[in-house]
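Engineer: The region 'Disordered' feature in TrEMBL is assigned to 1-46. Summarising the annotation, TrEMBL assigns repeat 'WD' to 109-150, 162-203, 204-245, 246-287, 287-327.
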Amino acid sequence: DGRPRATAGRPADEEVSSDSETESPLLGRRRREATEEEVEETPQEKKLRLAKQYLEELRQLEEERAEEEEDLEPADLIGDRLKEDVLEQKGRLQRLVAKDVNPASIRVLRGHQLPVTCLVISPDNRFIFSASKDGALIKWEVDSGKRLCVVPGGKKGTEERHMGHASHVLCMAISSDGKYLATGDRNKLIMIWDAATCKRLHIFTGHRDAVSGLSFRKGTHQLYSASHDRCVKVWDVAENAYVETLFGHQDVITGLDSLSRECCVTAGGRDGTVRLWKIPEESQLVFSGHQGSIDCIQLINEEHMVSGADDGSLALWGLTKKKPLALARQAHGEQDAQGLQQPYWISAVAALRNSDLLATGSHSGSVKLWKCGEGFRKLEHLWDIPVVGFVNSLKFSATGDFLVAGIGQEHRLGRWWRMKEAKNSICIIPLKKKTTASGPESPGSS
């Protein structure tokens, strides 16, 4: 009947609750399986096998590339690629791309009735998924700007019958293989979707307040969620299962991010802290440096992150230091509010992964592009891209060819102001590379 089948013997679209705080059978099984595996293969053997497999994949990749580029100068491509992969795992990879970026003319996609609150780009850069305070979810095609799929928002209490959200959607995430999309709403629900068809697969319940942050661990179907109930939950989407809950923040969590390690980072709003959660150890590291409410966060690589606050500050962090490595105060300047000079709030941050390029959003009339200095110890302002309205979400395409902004007449988390002149929309900002000598143009660049 075309309905997606849920795995693990559960009916499709079944609710999974995290209310029972006992260890889930999945966690126990994961631990048992891990020990069984070790009997069959020692860590050294596994390391050797994976290393051989990895080198073989690299060789094949470089052979294919070499065939395409026979006329170019030969280089130690495998060596370079290995160096990059090692740096990426250590969290030290910082490709220097910021100096070559040059924003081009913006494309605007209209379709949401109310402010756009969150968006993600599919891993292949072909699609954008966005959601809004109207509860709707839209899948867009990047090249044509067409709406491929619209799941409208419903009335409160109709989530079971109706296929969409019945309250403000606040956050979303897509798995690194592009298979699953997760969305979180003000009504405490997490919905899991088939990204290809926009069919809803499951509803996860268990948070006791608005779900404000979601992220899939890279290379897995493990999902981390954060909420205004101050806790972080871990789910296994492929198994349709709740795994565990972590506590620690003293105020609502406003944002969350993760990469390939088994950990995630969160922004803790008015508790003034950013936290790194180590999932297997069930421990956390606490970072502080902003004065106001920390409203957004993103990892740059495995060892560095960026966060923004409503005191107007933008902070760069290393995961081994408790204080920021660099801090830009009033990053978007000041506004005159009822005769008082107030800094523009930072409402969104984005990082081009493993590079030195960042973007920030506010309601100051522009999206700003920044360069992280050597060793992430300096923030240098590069460009202002004119955008009217609250920038509630920012994402770079994987290749850095374009930046997408989710715009609203209001802030993602509240109704403190309304900017009537703003359009609730998606803005696609092409980032032209100044230098054309860097090989063939990658697909998806406009």
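Cβ from N, Cα, C; glycine included.
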Engineer: Mean pLDDT, the repeat 'WD' (204-245)?
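Structural biologist: Reported value for the repeat 'WD' (204-245) is a mean pLDDT of 96.
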Engineer: What parts of the chain pack near the repeat 'WD' (246-287), using Cβ distances under 8 Å and only residues at least 6 beyond its ends?
Structural biologist: 171, 209-210, 212-219, 222, 224-234, 293-299, 301-302, 305, 307, 315, 317, 319, 321-324, 353, 413
Engineer: Would you mind splitting the repeat 'WD' (246-287) into helix, strand and coil residue counts from DSSP?
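Structural biologist: Per-class counts: 0 helix, 23 strand, 19 coil.
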Engineer: Mind tallying the repeat 'WD' (204-245) by DSSP state, helix then strand then coil?
Structural biologist: 0 helix, 25 strand, 17 coil
Engineer: With helix taken as DSSP H, G or I, strand as E or B and everything else coil, how many residues of the repeat 'WD' (109-150) land in each class?
Structural biologist: 0 helix, 23 strand, 19 coil
